[in-house]
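Participant: Let me begin by handing over the structure; questions about it come next.
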């Protein structure tokens, strides 16, 4: 689209922002990245996301689109000529939406509580997280990507969390490669894509960040 | 295509109501199967092994889970009639945003209104009213949430109306006093056949909630 103005309000460690960055890169969309600390509610953030006041916010020609999964669908619909993100078949699309929602509704909570909790709660959280990893690995099966032969929506949804895998492993005291080899192979395949690599934060930097957060959460 | 459409549902579910309405908006004939949630059928467990929840839409033997995903599926498969989502990508994103807001905020808030008591209930009621006011603001002076046409956000929200009398009864307040425009919208929606046929009698829902409340708030 000629004269498109695309801005992304994002925060470097956000797994949700990483999704949107991947999708924009997959479509070859140029955009302006604005680092936005979600704990500091800037006037622009409040104006663009008055309901949730969270990042990422995609601003396309001045209009805000909030919520990362909604942003992915929007990007797919607006820049529909470039490689598709969602399947065209309604049933396959419904399955992609279902699993993306599973990631945000079920996987998300234990994925951060595993480094933010201690004791009995931590043990329960770790168990839950491992179960969800297993569920996601089972859904992948022997396909190269979640959507089949082509990298897409669900791969983007889960790879957004990839930068945090190392922190989950460290504080959860488990190895993803050992426990979930099929999922590991999939991550390596995804990491061959420039759109993915450029969107992801450095895992070690995330671990440093987690140490800071753990102090805030009183888990240290 | 030969269409076999089955809906596994539970009559007072505001989520099941969405799918019922969407199917009727499209003129799709379907077989409604009432589930006993205390004794879930093998079919439900087979068709929704992850969440084991209703509603489940089964189209030619294939399951579609999550009501809001079902509504989008129905809109895409039976796309020839009564579009549910707008065609403009930005308006579609806005509709998805508000349906997501309802699922994330309204459901949890309403539960505190009928399933708690005392200070927790008062706080819950306050939250609930605030959320309804946010939705009323979004509606503004439009007849429906996305403008002139009944659609996605209306379908996402209208089922909650059947629980309104229960909220009012157990938390002792008037929703119409708080959000009059929203109630006017409700009345307009109820004039649609797809809605009227899909929503249960609010009095029956209140009876159901009364029984349910006994489990959460022993008298």
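Here the Cβ of each residue, glycine as well, is placed from N, Cα and C on the backbone.
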Participant: Based on what Swiss-Prot says, identify which of B:67, B:79, B:198 is the phosphoserine one.
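Facilitator: So the answer, going by Swiss-Prot, is B:198.
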Participant: Measuring CB to CB from residue B:67 (glutathione binding site), give everything in the same chain under 8 Å that is also at least six residues away in sequence.
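Facilitator: Residue B:67 (glutathione binding site) has long-range Cβ partners B:15, B:16, B:18, B:19, B:55.
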Participant: Per DSSP, what is the residue count of the domain 'GST C-terminal' (B:88-208) in each of helix, strand and coil?
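Facilitator: Secondary-structure composition of the domain 'GST C-terminal' (B:88-208): 97 helix, 2 strand, 22 coil.
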Participant: What does the DSSP secondary structure composition of the domain 'GST N-terminal' (B:3-82) look like, as residue counts for helix, strand and coil?
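Facilitator: Breakdown, helix to coil: 29 helix, 17 strand, 34 coil.
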Participant: Can you list which of the recorded positions B:39, B:66, B:67, B:198 come closer than 8 Å to chain A, going by CB to CB distance?
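Facilitator: Going by the Cβ criterion (under 8 Å to chain A), the qualifying recorded positions are B:66.
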Participant: Under 8 Å between C-beta atoms and at least six apart in sequence, can you list the same-chain neighbours of residue B:14 (glutathione binding site), or say none if there are none?
Facilitator: B:107, B:159, B:160, B:162, B:163
Participant: Within a 10 Å radius of its Cβ, which of these recorded positions (B:13, B:39, B:198) has the fewest neighbouring Cβ atoms?
Facilitator: B:39
Participant: When neighbour density is defined as the number of other C-beta atoms within 10 angstroms of a residue's C-beta, which of the binding-site residues B:40, B:54, B:66 has the lowest density?
Facilitator: B:40
